[in-house]
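Q: One structure follows; several queries about it will come next.
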Amino acid sequence: MSSRFVAGMTIEDALRAAESIQGQGIASTLDSLGENVTTPAEAQRSADIYHRLLDAIQARGLKANVSVKLTQMGMDLDPEHSLARSIVSDLVDHAVAAGTFVRVDMEGSEYTQATIDLVRALHAKPENRGHVGIVIQAYLYRSAQDIATLTGEGIRIRLCKGAYKEPPAVAFPEKKDVDANFIRLTEQLLDTSLYHGIATHDEAMVAAAKEYVRTKNIDRHQFEFQMLYGVRRDLQRALVAEGYNVRVYVPFGAEWYPYFMRRLAERPANVLFLAKNMLRS
Ligand code: FAD
């Protein structure tokens, strides 16, 4: 079942998926799966895959960028995060040369501040402007303030609900409050003139964004909807048909397990589907 959510094991699998998606008018962001590496060599190997991806995106003229996790780039390996900073800085330099973009994914709340600090530092380099962005999670209480700081500096944001298990001290425990905050934050983002990503499969969130854009007369190409590979393909296609920009997050690689488990946890129906298929086989 993991192949429903993961494009394959190799770079070539991911590029093939991106090409096929592009044929449907959808851009992609490529994610080499992996997180919380334990040695510098592992972090560098993870980065090497991204350098190869950036070369391939440029060589094939793909409408694609990359998404990276800082714990995969060695964030846990030194308290100053110097290793991750240097590795991601090289990736952003490469993205600038390739004319594309590095999105730094957001992980659990113990990493929020360090991730924001690192992205702000990278974005402060004038050549990097427009080539590095971040993710903000609507379940965190702090997110409106973080968006104000980041957009004030011109940093592009992907807004998502948030996929990690967080305590009520830092995150809204109730889905209805996360949803209400997602809508507020979507409006906050759309009020800036930056190009942001609204990442959700929730039709109510999509409808709220569309409505806000309509009433405020915001150009529908001023932002993009983002969805995960294999999730709500019908909605992805419908949005493209309506003239919205859509980007799909294409994960690949051998380390699919934690990613896959988060996707199962999001939707009980996925667990049922998996159980039925296991019983059949
Ligand atoms: P939900 O309320 O969870 O779901 C709404 C509806 O969407 C469901 O009823 C169902 O119809 C459909 N749906 C949602 N998930 C699934 C699924 N797994 N399988 C099938 N149907 C589903 N989280 C982070 O914490 N950090 C990140 O950096 C990050 N990056 C992301 C990038 C993209 C492009 C996307 C789309 C999501 C990302 N996420 C990230 C995950 C996100 O935080 C949510 O966990 C996930 O998107 C589910 O939330 P939802 O907005 O789709 O709404």
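Here the Cβ of each residue, glycine as well, is placed from N, Cα and C on the backbone.
Okay, so TrEMBL annotates it like this:
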- K69, R262, R263: substrate binding site (BINDING)
- M106, Q137, K161, G162, A163, K175, T200, H201: FAD binding site (BINDING)
- 15-274: domain 'Proline dehydrogenase' (DOMAIN)
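How buried are these features, and what lies next to them?
A: R263 (substrate binding site) falls within a helical segment according to DSSP. Non-local contacts of R263 (substrate binding site) by the CB criterion (under 8 A, 6+ apart in sequence, same chain) comprise F5, L228, V231, N270.
Annotation note: A163 (FAD binding site) sits in a coil segment as assigned by DSSP. In this view, A163 (FAD binding site) is surrounded by 17 other Cβ atoms within 10 Å of its Cβ, with every protein chain counted.
Looking only at the domain 'Proline dehydrogenase' (15-274), the predicted model's pLDDT averages out at 95.
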Q: Sort out the sequence-distant neighbours of H201 (FAD binding site) for me: same chain, 6+ apart, CB within less than 8 Å of its CB, listed by position.
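A: Within the chain, H201 (FAD binding site) has Cβ neighbours under 8 Å at M227, L228, V231, R232, L235.
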Q: Roughly how many Å separate the Cα of K69 (substrate binding site) from that of M106 (FAD binding site), to the nearest whole number?
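A: Here the two Cα atoms are 7 Å apart.
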Q: What is the total of other Cβ atoms whose distance to the Cβ of K161 (FAD binding site) is within 10 Å?
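A: Result for K161 (FAD binding site): 19 other Cβ atoms within 10 Å.
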